[in-house]
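Before any comments, here is the structure.
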Amino acid sequence: MEEEKKEKSKPSCNIKMGNMVLVVFVSYFGSRVNRPRFIGFGGLLMSCAAATLALPHFLSKPYQYHSMSAAGGSWDTCVPRENSSAPEVCRQGGGGDPSEARTQWLTLAASQVLFGIGSVPIQPFGISYIDDFAEPGNSALYIAILFSISVFGPAFGYLLGSMMLRIYVDVDKIGLDSPLDLTPSDPRWVGAWWMGLLVSSGCLALASIPYFFFPRVKVPAQAKAPKTESDPLKDETSSETSLIDFLKMFPRLLLRILLQPVFLLLILSQCCFSSSITGLATFLSKFLEHQYGTTAAYSSLLIGAINLPMAAVGLLLGGVVMKCVRPPVRTLLWLCLAPLSLSILLCVPLFFMGCSTQRVAGVNTGYGDTQDQWTNRSLSLCNSNCSCLNNMFNPVCGEDNTEYISPCHAGCTDVSVDTLNPHRVQTYTMCSCVTALSAVPAGTAGMGMGRALPGSCTKSCPHLVLPAILLIAFAGFIASLSHNPIYMMVLRTVFQEEKSFAIGVQFLLIRMLAWLPAPAVFGLAIDYSCVWWKHACGKKQGACGYYDNNILRNRYFGLQLGYKCLGLVLLALAGWRVQHTPCLSIEKEPGVPV
């Protein structure tokens, strides 16, 4: 979507909003409403939001890119200035109608708000509902199953996206069999991102229907005997706190929750770990594309088939350990520190598993006729007579293994096309900026007039993508072992009557301190790793064309490592605090805050 709408990473993250404060109010009134029915309504609302997210595709004009077609007088090749009408290209291929762009992003923001509101009741109500209905000692296992299955949702999304991204974005407008001069490996390719949203919308609607038939509360005869909490039916009839009363009590309740040291330290550590996971999940596909040269479809396939299933297994295994061992809180905290520390150590080799930035003429290296090695200029003597525009972005790889922003910037004046598909260029020839290494006419060798192939040059280490993704997946598996134990400790370090409200406060803080700012922080760090921005009509506008791979890798993994280390310190402080208080058994109900 960033590529099609020509947006940076940071604004793409700013539209993730919607349900931070609302989740606290909903959680507080959880025992007074039909929780399954609210979950069902929330699912239907998210289904509508997912469908609305696809609207910008249908409301916008077809995706425009600078064609490499030899037909129709393309301006991709070098055209002498006296024969050029380049301003027409600027008017046609510019940044688009600003009002249309604003409408699209307002639609996306409204959809995210709607999706956020719909997701409010799902986890707070779902977790408390499971904890109320589960047999003693089984809550940890059931909640672990809930979290592990929830990870398979994004995994399904990545696999679905991998298939959809192999289909051209405007397939509904031009047809499936229409000839294109693009392939999925082309950096200008945009897949049918909107199709996955429509499929997900339908699945959400179907999955929401069964919740309307679940019982509201557990009948007294089936209530869990060891629990000391009051009967749910009694709570439903005796609790008549109004919204006005709740607003009056809210500051006192919130302060009481936040003044419990272990609870606060655990939540802050969760915020740090969630920030690391959010940044990783949001930009991992983009990172793999730019770092190792993978396609968007292949990177989505790797994430959906390897990373997320490994995390789900870790979540489930952590719940099984809780079910079988049932350690006290004091032991549990230190057991969490071990896998988290190991996951941090596993991330260290990732700083060295990357590709160097490819040589791009006029971006990070000079042209063949100059000795400047980091010259940030798009024109040189070899292409000074060409009518090259800044908004051209048709990467070609010269036979001298140097990449050029476009055939025009490479000084190419001629093309040879595919005989089976006349819309697709096979080779650019007579390129004045490309050093000729193959057989050329006598007297011209080494003086330019080389050839160039469409697309970016091959990365220096594409073989590292699989080891890197496996290491990331294994580190995620190890870290996931501690997720469910930490979550259960949160439930066991507050008073029983505060449990539902504590869940709401937990989600509020995680959303406010992790899910909302973390993608923006990661997006900003990624944007500042860019060395060449795409242009539109003489202005920097849109997505990044080239990153400094070393800076990108160090900032991307450095932020994750920093968040994890801070979370580890906060978790250790929580363990130190528990050492100085009476230890709680994980089987004891909330009631003795520490």
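Keep in mind that glycine also has a Cβ here, set from the backbone N, Cα and C atoms.
According to TrEMBL, the feature domain 'Kazal-like' maps to 376-435.
Residues or ranges marked as transmembrane segment by TrEMBL: 37-59 (among others). If you look at the transmembrane segment (37-59), the same-chain residues 6 or more away from its ends with a CB under 8 A from one of its CBs are 5, 26, 100, 103-104, 107-108, 110-112, 114-115, 117-122, 125-126, 169, 193-195, 197-198, 200-202, 204-205, 207-212, 216.
Here the transmembrane segment (140-169) has long-range neighbours at 4, 57, 63, 126-127, 130-131, 134, 176, 180, 182, 184, 189-196, 199-200, 281, 285, 295-298, 300-301, 303-305, 308-309, 311-313, 315-316, 318-320, 322-323, 483-485, 487-488, 586, meaning same-chain residues at least 6 beyond its ends whose C-beta is under 8 angstroms from one of its own. According to TrEMBL, the transmembrane segment annotation covers 140-169 (among others).
Residues annotated as transmembrane segment in TrEMBL: 189-214 (among others).
Summarising the annotation, TrEMBL assigns transmembrane segment to 257-284 (among others). Panel annotation: around the transmembrane segment (257-284), residues 9, 13, 154, 299, 303, 307, 340, 472, 476, 479, 483, 486-487, 489-490, 493-494, 498, 501-502, 505-506, 509-510, 513-515, 517-519, 521-523, 526, 556, 559-560, 563-564, 566-568, 570-571, 573-574, 577-578, 581, 593-594 of the same chain, lying at least six beyond its termini, place a Cβ under 8 Å from a Cβ of the stretch.
Using a Cβ-Cβ cut-off under 8 Å and counting only residues 6 or more beyond its ends in the same chain, the transmembrane segment (296-320) has close neighbours at 140-145, 147-149, 151-152, 154-163, 165-166, 184, 189, 191, 284-285, 288-289, 465-466, 469-470, 472-474, 476-485. The transmembrane segment feature in TrEMBL is assigned to 296-320 (among others).
According to TrEMBL, the transmembrane segment annotation covers 332-352 (among others).
Summarising the annotation, TrEMBL assigns transmembrane segment to 464-481 (among others). Taking Cβ pairs closer than 8 Å, the transmembrane segment (464-481) reaches residues 273, 277, 280, 284, 288, 291-292, 294, 302-303, 306-307, 310-315, 317-318, 321, 339-340, 342-343, 346-347, 349-350, 353-355, 564 in its own chain, all 6 or more past its ends.
If you look up TrEMBL, you'll see 501-526 (among others) marked as transmembrane segment.
Long-range neighbours of the transmembrane segment (556-576) within the same chain, counting only residues 6 or more positions beyond its ends whose Cβ lies under 8 Å from a Cβ of the stretch, are 261-262, 265-266, 268-273, 275-276, 279-280, 283, 287, 330, 333-334, 336-337, 340-341, 343-344, 347-348, 350-351, 479, 486, 518, 521-522, 525-526. The transmembrane segment feature in TrEMBL is assigned to 556-576 (among others).
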For the domain 'Kazal-like' (376-435), residues assigned helix / strand / coil by DSSP: 3 helix, 23 strand, 34 coil
